[in-house]
Each structure stands twice: as structure tokens, then as C-alpha cells.
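Okay, structure first, notes after.
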Amino acid sequence: MSSMDTDPRLESGSPATVGGGDADEVELARMGYKQELKRELGLLQNFGVSFSIISVITGIPSLFLFGLNTGGPAVMVWGWVVVAFFTMMVGLAMAEVCSAHPTSGGPYFWAAMLSKPQHAAFASWITGWFNLLGQVAVTTGISYACANFISTAATFQTDFVPSAKTTIGIYAAVLVAQGLINTFGVHLLKYLNTISVWWHAVGTTAVVIAILAAAPKHQSGEFVFRTLIDNTGLDGVGWGDRASHAYVVVIGILMAQYTLTGFDASAHMTEETRNAAMSGSIGIVMAIGVSAVLGWFLILGLLFSIQDLDATIGSATGQPVAQIFLDTVGEKGAIVLMTIVIGAMFFCGTFSITSNSRMMYAFARDGGIPGHKFFHKVDVKRKSPIRTVWLACTLSFILGLPSLGSSVAFSAATSIATIGLYISYAIPIALRVINRQNFVRGPFHLGSFSYPVALIAVLWIIFISIAFILPQENPVDSQTLNYAVVAVGIVIAYSLGF
């Protein structure tokens, strides 16, 4: 591990900058691994995987009700801007480390490389388990939201009434379909990726234009930019009254932070990407930047198109976004727009499982998970880690089960995803600062901005990790407990205890 310090090939720029598959394989061999996955993605496809997983048209609609109740329009609009800025700091700091170590393991491998040799295994182990927790919870949040939207769309022009059990059934079907695509359609993933990028970009734009153009009336700028709503109290007394409106603002940024998550996918796909040391890093930064702009556009479009705020929040569909569609473009138009959103959610979940399975494969290859000898096998014919594809689907399904009996389970799953992933991002970024004399930079680096950016990134992650385990509804009881703290606690206890 300490050979990094003196590797002369890296001093003059990584061999991966030469371009072409051989240079990438040399770089991978330098990190101690042989090329087992098919390396056929370019920069655009690498960006596409992260862009599809961030998927603003998945994250924003799935937590739109949470956003309206927890802070309302002002927190949704300005919270997005603040969160996008700090997320870009995290992304830039990660991109710099990714460029130096482009491997499927991503954050947990970086943690080992950036630690002192005697601490490397421990840092890597903790990072890996947080990353694994976050990845599984992200897939849960995405595919469960997809199931929710399918069951909502199924009520349009029918007499279907969704229940928790039918939603879990749809959720299982969604995960199985995504698993099958990742099993038998590996050769199609790069084409699906291109379709997904266009679907997200054109679909989001089409949704916003359609609802704004068709809306009978528009909300005022005062409503969109300055209205604070506190519906966090089940008994009418919200956290704003009981504690402070600042508390509501802090927990209300979950919608933005959960949406702008999962861009480590670009790192997990580097062993399948050409010129990985640059492509992975640019993929991370591009995905955050494009998503930040597109997401703000979507939030503004939805908020300006609300017709009746109380009817939207209390919609019979259970989804305020579906209600906005119904109120603006009517039932037939709403079916079209819901199809766009559900399609994006399905793509998003499919690529989330792709990223998730690559991380688990790499972690198993390094002996990080129980049954690692079984799980690190790559299917010879398809050159894909099929066993971890199904492990990802199974774990995500199990994490979705508490949603059967709890009103806040879905937002807790999104909290878990956000905390798990961001802690796994923070550890290597922090180690990069602490052990900076050992860091040998890759072709993508920030120069003199490196330390300030890394410091801002780590402080922000500490802040959100505390914010998102706080209770989200008042009063706190067994139904409203934010069980993110339980899941994070279990991972800490397991990973430290092991």
C-alpha cells in the first residue's frame, strides 16, 4: 500500500491518461486487480449512470409531499440551491480522489489507499459498510417510489384502490424486472444508458413545460420563493412551534440532499470505462452540475403549477405531484406525464442496481462481506457480477418491508440512503486531507483549491448526518420514529463489532 508514495508512473500523470483499454488495465493492475469486467463505456455513458441515479425526476416527486409539509416552497427552492452548492464541493473532492484511484470499489478502496498502512483495513471496512448500506437504501427509495407511482397511476380512470400489500407486490415485481435487465441485458446497458439520459433530460423538460403551459392559474412568486409551511405536527403542533423554524428548515432539506445522491456510481463503473482516471471524475462533476440545474427547473415548475395547496397536500392519490398533473393537464394528460416519471424511476432503479452490484462485487473481491467467496464470482459469459445483482435486489426488498406498517418509513429509508452514502464519501475525503503528504494525485485535480473544498465537503457531511437522524414528525412515537438512526446504529455496531 505504501508503494503509492513512490510510484514514479503517477508522478508524471497516470498511465490511464494515455487513453485506450491497455493503459486502463495497467492502472488497474497497479492497484492490485486484474481486468474482469467488460470495459466499453465512454465518458458520456459514465456520466449517464450517475445522472440516471441522481435522477431529479425520481427524487423530487417521491419526496415532494415531505418537502411541502417540512418547510414548504421556500425551503424546497432555496434549500435546493444551498444543497446543490455543497454537493458540488463533495463531488469535486471525490472526483480528485477518484482520478487517483479509478476502481469499482470506489470510496472504500480510496479509504484504504489514503490511510496509513496500519489503519487501511479498518478505514476501508467502515467506509465499505456505510457505502453498502447507502447503496441498498438508495435502491429501496428509488424502486419503492416507482412502485408507489405505478399504483397511483393505476387509479386513473379505473376503480383500483392501492393498499400497502399491493404496493409491496408491485415493488417486488419492479426489483425483479430491474434484476433481470442487469442479468441478461448487460450488453444492452450502454444503449439503455443513452436512452435514460435523453429520457431524463427531455422528459423532465417536457413535464415542466406541459404543466406550466396548461395550468389554469399560476402561484405567485411570493408563494414559491417566500412561503414557509410547517405541517410536521400530527396533532397540529409542528416542530416550528415546539422547537424552532430553523429545525424545520434543517430537516426539510432532505428532499434536495436525497435527490443529489448516488454520484459515486461514476466511480463504481470505472473498471468498465475507458480512460477511467479522467472519465470517472468528470462523470461525477457533470452529473451533479446538470442535475442541479434541471432539478431547480423542475421544483419551480411544480410549485408554480399548484392549483390548490391544501388539495395538493391532502390529495386522494397520496402523491402531490400526481395531483398537480391532474389539476393542470387532466386525467389523460396526467397518465402521459406519470408514464414519463415512472419510466425515469425505472431507469434510475435499474442503474442503481448496476452500481450497487459493482460495489458489492468489489467489496466481496476484497473479502468485505459474508459469503465473499460466493459473491465475488463474475459470470464468464456475460462478464457481469450476477450474484451481487440479486444480492442487491434482495437486500433492497427487505429494507422496503417496514413501509408496510409505518407512515414515515419511506422518508426514513431516504435518510438512511443519504447518511450511509455521504459518510462513505466523507471518510476518504477526510483522509485525503489528514494524510495529504501520501496523496499522489491523478490527472484530475483541484490544485490550491483542494484542501478548502475537501474541508467544506467534510463539514457539510457531518452536518447532514446529524440532521437526517433527527425526528421528522411531532410527537415522536413508534409510528413516527425516524428509524434511520436504528439502521445506521446497526451498521456501526456490526462493522465495529466484527
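From the backbone N, Cα and C atoms, a Cβ is placed for every residue, glycine too.
Unlike curated entries, TrEMBL annotations are predicted automatically.
Summarising the annotation, TrEMBL assigns compositional bias 'Basic and acidic residues' to 1-10. Summarising the annotation, TrEMBL assigns region 'Disordered' to 1-22. If you look up TrEMBL, you'll see 47-68, 75-95, 168-189, 196-215, 244-263, 284-306, 334-353, 389-410, 416-434, 446-469, 481-497 marked as transmembrane segment.
At the 8 Å Cβ threshold, with sequence separation of at least 6, the transmembrane segment (168-189) lacks contact with the transmembrane segment (416-434), having fewer than 3 such pairs.
With a cut-off of 8 Å on Cβ pairs spaced 6 or more residues apart, the transmembrane segment (416-434) and the transmembrane segment (244-263) reach 3 or more such pairs and are scored as touching.
Same-chain residues lying 6 or more positions outside the transmembrane segment (47-68) and placing a CB less than 8 Å from one of its CB atoms are 41, 75-76, 138, 141-142, 145-146, 148-149, 193-194, 196-197, 200, 203-204, 207, 229, 231, 252, 254-255, 258-266, 269, 282-284, 286-288, 290-291, 294-295, 298-299, 302, 309, 312-313, 318-321, 340-341, 344-345, 347-348, 351-352, 354-355, 410-411, 414, 472. Residues 86, 89-90, 92-94, 96, 250-251, 253-254, 257, 415, 418-419, 422-423, 425-426, 429-430, 432-433, 436, 482, 484-485, 488 of the same chain lie 6+ residues outside the transmembrane segment (446-469) yet bring a C-beta within less than 8 angstroms of a C-beta in it.
The stretch from 75-95, 196-215, 244-263, 284-306 with the most CB pairs below 8 A to the transmembrane segment (334-353) is 196-215.
Sequence-distant contacts of the transmembrane segment (196-215) (same chain, six or more residues past either end, CB-CB distance under 8 Å): 44, 47-48, 51-52, 55-57, 290, 294, 297-298, 300-302, 304-305, 307, 324-325, 327-329, 333, 337, 340-341, 343-344, 347-348, 350-351. Within its own chain, the transmembrane segment (284-306) has Cβ neighbours under 8 Å at 47, 50-51, 54-57, 59-60, 64, 73, 76-77, 80-81, 84, 87-88, 91-92, 94-95, 98, 200-201, 204-205, 207-209, 211-212, 215, 218-219, 223-224, 256, 259-260, 263-264, 266-267, 312, 320-321, 324, 327-328, counting only residues six or more beyond its boundaries.
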